[in-house]
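Undergrad: Starting off with a structure, shown below.
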Amino acid sequence: MNPQAKLVFTLSLLLGTTMTISSNHWVTAWAGLEINTLAILPMISKSHHPRAIEAATKYFLVQAAASALILFSSMTNAWDTGQWDITQLTHPMSCLVLTSAIAMKLGLVPFHFWFPEVLQGSPLITGLLLSTAMKFPPITLLYMTSQSLNPMLLTTMALLSAAIGGWMGLNQTQIRKILAFSSISHLGWMAVIIVYNPKLTLLNFYLYAMMTATVFLILNTIKVLKLSTLMTTWTKTPSLNTMLLLIMLSLAGLPPLTGFLPKWLIIQELTKQNMAPTATIISLLSLLSLFFYLRLAYCATITLPPHTSNHMKQWHITKPTHPMIAILTVMSLLLLPIAPMILTII
């Protein structure tokens, strides 16, 4: 892609995100979401492969429908209350439509079908943006309207997301699809707590974005897209593959790694809200995700399976790893001990 075009699209992404997260008016928030959608489309389809074009088309249709629903819900609310302020969403019908629209934007169950397909058709760096940066504006809108949302609806969607994100990821061999289902199941954890403690949702999102960014950057460095090639990359960069193993365990939420922190706090908060059954169910559903993270970790480092076809061993990478990967890896693994400090900040 032309560097000038890439710069324009990147700046547009920054502009759209900033507009949405800093606005109080529904129309400016909607405009920011539209700018974001239009800026990411060329990045998805830049390879001109039919799968990439298909991914861009699916993404456009879903995001356009979700944006229309957001506009519809805000107009219904303004018609009823005379308020365009995001935090003054009080009309019950508007709350329901907005929850559905943001679930479409994020890829929450039952509006999740587009996300694995779009991620599979995108390059790794665009996939990183779709999994992290593109989810930030809708999460912010959920955060700002959290006091008006229906807790029962969100809890149901959250449990379904954790279940389907875990189950559908079990049988995948494409790493981008596995990461898409991982994202859906993490969104379930964020949605379940948004009504009760919105700050925990944001903390969970920040930590999830950091760990996912590390995984995508490592995969981009070792140039791996599916499990069969991941099995032969241990000769390429043994140290990066070892880090990938640990980050997968962190994403799964195993102590004493960073990923355990948001799960621990969410379970604690749900128990305080007398929702111990919900906490138990979502914890058990996270075991499904743990299985495919362990599968990825196993393929990355622990085994070189027998192959009937000859696989050429990869050459060792001699160029140094990007410092950003090193910083993100340390943060993705070692933030649990400073949990009290993080809690005082949020």
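Here the Cβ of each residue, glycine as well, is placed from N, Cα and C on the backbone.
TrEMBL feature annotations, pasted as is:
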type     : residues : note
SIGNAL   : 1-20     : signal peptide
DOMAIN   : 23-288   : domain 'NADH:quinone oxidoreductase/Mrp antiporter transmembrane'
TRANSMEM : 59-79    : transmembrane segment
TRANSMEM : 91-115   : transmembrane segment
TRANSMEM : 152-171  : transmembrane segment
TRANSMEM : 178-196  : transmembrane segment
TRANSMEM : 202-222  : transmembrane segment
TRANSMEM : 243-261  : transmembrane segment
TRANSMEM : 281-304  : transmembrane segment
DOMAIN   : 290-343  : domain 'NADH dehydrogenase subunit 2 C-terminal'
TRANSMEM : 325-345  : transmembrane segment
Undergrad: By Cβ distance under 8 Å, which residues at least 6 away from the ends of the transmembrane segment (325-345) in the same chain are close to it?
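TA: Beyond its ends, the transmembrane segment (325-345) has Cβ neighbours at 203, 207, 210-211, 213-214, 217-218, 221, 240, 243, 246-247, 250, 255-261, 265.
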Undergrad: Between 0 and 100, where does the mean pLDDT of the domain 'NADH dehydrogenase subunit 2 C-terminal' (290-343) sit?
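TA: In the predicted model, the domain 'NADH dehydrogenase subunit 2 C-terminal' (290-343) has a mean pLDDT of 79.
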